[in-house]
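Asker: Pasting a structure here, questions to come.
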There are 2 protein chains.
Amino acid sequence: MAFKISPLSPQNIQDLPPLSGVRIATAKAGIKYKDRTDLLFIVFDKSASVAGVFTRSKCPSAPVEHCRASLPHGIARGVIVNSGNANAFTGRKGRHTTNEIMCAAASALKVRKNEIFIASTGVIGEPMDASGIVSLLPNMAETAEEGNWLEAAKAIMTTDTFPKLATRRFDCGGETVTINGIAKGAGMIAPDMATMLSFVVSDAKISSDILQSMLSEAVQGSFNSITVDSDTSTSDTLMVFATGKESFPCLTHKTDPRYEIFLKHLSALLHELALQIVCDGEGARHLIEVNVTGATTDNAAKIIARSIANSPLVKTAIAGEDANWGRVVMAIGKAGVEVDRDLLTIWFGEHRLAFNGERDPEYCEETIDAYMQGKHIVIRVDIGLGLGKATVWSCDLTKEYVMINSDYRS
Amino acid sequence: MAFKISPLSPQNIQDLPPLSGVRIATAKAGIKYKDRTDLLFIVFDKSASVAGVFTRSKCPSAPVEHCRASLPHGIARGVIVNSGNANAFTGRKGRHTTNEIMCAAASALKVRKNEIFIASTGVIGEPMDASGIVSLLPNMAETAEEGNWLEAAKAIMTTDTFPKLATRRFDCGGETVTINGIAKGAGMIAPDMATMLSFVVSDAKISSDILQSMLSEAVQGSFNSITVDSDTSTSDTLMVFATGKESFPCLTHKTDPRYEIFLKHLSALLHELALQIVCDGEGARHLIEVNVTGATTDNAAKIIARSIANSPLVKTAIAGEDANWGRVVMAIGKAGVEVDRDLLTIWFGEHRLAFNGERDPEYCEETIDAYMQGKHIVIRVDIGLGLGKATVWSCDLTKEYVMINSDYRS
């Protein structure tokens, strides 16, 4: 399961700053992968606030069901994540496995069961045995250390070719706060509510309801605006924790001026993680940014942008470095929302290719060919009807995507 | 643009029986392809009834707009089809090109312009010059012959690897009638109203409104139940013509007992053509049939079946001969309609893989592996909630699909 590192990977992958009272341990539970870590335990030494968004799949995994049920309690003391098995569509046994892991973690930390959050990623439908995980937890709880964020990001990888991390440090009402986040991709990515798996921790003190409100807002322009392959996972989980350092007076109202500051930085961090997921989309060679303006509403713009970003024909054209804007027209046409063919304008980068319902008379194949050889392709469409706009990020569809997914399970 | 013949191609490809008064000519107009025919002219010696269904794309091609406008006139005398250029998103020039071709055809046949139907398939957005076509039409009108159906099917191919034809001959109220049909694929196939291009002609006498009613019914279980790549074309056109032989009293009412007889055979013929398109889906190595039962409504069943049939992860798994039913669960979950994970049952062929929300205890990897090596894979899902059912046909997603579409335009 080792793949060549994506050509879209960040130049440098660095560890994140430690957060006080947030201890991390990883281990090799041998769930599926050999000779690598596949188990992550994040321990909060004191009660942390918690917010989460999860897949809208009608067939969610057992861990997703558990997290959703525990969220209203509003307190987190530990997070367990394993890679190699999604524990999804595993029936009563799957719920039993989740429960056993939670009980073992709660007992190791001497906290309540609904203060433990859990996520699993990997194969769907394969029964998952708890014992290999359960036996490791007491020692992990003891040896967990502040820092270790890079190891955490590595332990949750599946077909990812690089670990995904991001951090922000900023002044928030006179107090410096930090947000650290990790995420994993890399296939079955078309988040409808969140993404595969992402965990974000800040040392700010924020009530859980306010944290949830920020998260729901920040996820729209980040994880809910990316797609690798249009396939929404059963396990999408994005959780944010705030450990609440003493010097930071608790943020409990939207009217608090720190709300907008924190939200801005949280949004930027989620956006950075989401883009890392797209850049590590299975087989990806090009990052595709689709900007739609001039639609009747923002929602219509997003539907059009998604239709373009998910079209296999658009994505294979980008893989072939071919500015096949005719396929963009096709994808706009099939989106089903209001458009007028004869008002469309289409650009690739700065190059206007189509205008007034036909090919731009200034169109120059050579210039555009050079642009298409870049790694970051921007497709811009103006619908010409209104003020609605949206941006969606995706990646190209390559032979490697097919190869990876033709024998992922075996 | 020559591809290896699809392994799912029919064993024998035979010409169709000639239809009296239906003359066919093909020619090399050099629109895009070299050394092959790319222009088809079907001539009806007497007025034929006509029905059509077209793409629901909001960016339809100029020929689609023309056909839609001419349909209410209800009379057809000629059909012109070219391959190599779709004349879509070509603006005023495109409409002008369509008009020139129609005028030339009408003049060659001495009929009215709105009795000529036209379809174009190929690259989108490339201006199309009428002159090369127009100059050939008078001679084609003169030399067209009864028969030549195989040549007709060949002239409209683009990335197709085999010509698509089907015929039915049956007794309809004491009179033997024939239906001949041709079609082409092979990419941008997710018909929302019809398919890429298909033309069907019968010698029965049927009023245009009744023919339209039959077509709208017959298209649902055939062309509207297939998908190659989820991308709906700008040019989908399916037309049926009835030339009306004298011995067949005109069918003008749904209550006529011949209505159901004709509809049955028309449906079967459209179904056969639609499956040929899937079997020639770009890069296809496996035919996938998705049967959904037990959904709350037929419409819900179709949404679920489409979600499975369009999922890149399901399609790549089939390409890899991997019974990855976990991805089927994913596709059911993301479809958005009502399902209860714990009531789902999933079969591949006769092999039940999942039951009661988890893997079937009887599941045997070896047996299923043998099944997956077949060319025709049936995925059956019972939702366990109601009586809604639907079937959708698709094909697998292979490296060849990506290769074909990474450099189609160049």
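From the backbone N, Cα and C atoms, a Cβ is placed for every residue, glycine too.
All annotation found in TrEMBL is predicted automatically rather than curated by experts.
Not my notes, these are from TrEMBL:
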- B:THR158, B:LYS184, B:THR195, B:GLU282, B:ASN405, B:SER410: substrate binding site (BINDING)
- B:THR195: active site, nucleophile (ACT_SITE)
Asker: Between B:THR158, B:ASN405, which of the binding-site residues has the fewest other CB atoms within 10 angstroms in the structure shown?
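Answerer: Each of the binding-site residues B:THR158, B:ASN405 was scored by Cβ atoms within 10 Å; lowest is B:THR158.
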Asker: For B:GLU282 (substrate binding site), list the number of other Cβ atoms lying within 10 Å of its Cβ atom.
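Answerer: For B:GLU282 (substrate binding site), the count of other Cβ atoms within 10 Å is 30.
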Asker: Across all chains shown, how many C-beta atoms besides its own are within 10 angstroms of the C-beta of B:LYS184 (substrate binding site)?
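Answerer: So the Cβ neighbour count for B:LYS184 (substrate binding site) comes to 27.
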Asker: Would you list the binding-site residues among B:THR158, B:LYS184, B:GLU282, B:ASN405 that come within less than 8 Å, Cβ to Cβ, of chain A, in the order they occur in the sequence, writing 'none' if nothing qualifies?
Answerer: B:ASN405
Asker: Secondary structure at B:ASN405 (substrate binding site) (DSSP, helix/strand/coil)?
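Answerer: The residue in question, B:ASN405 (substrate binding site), is helix (DSSP, three-state).
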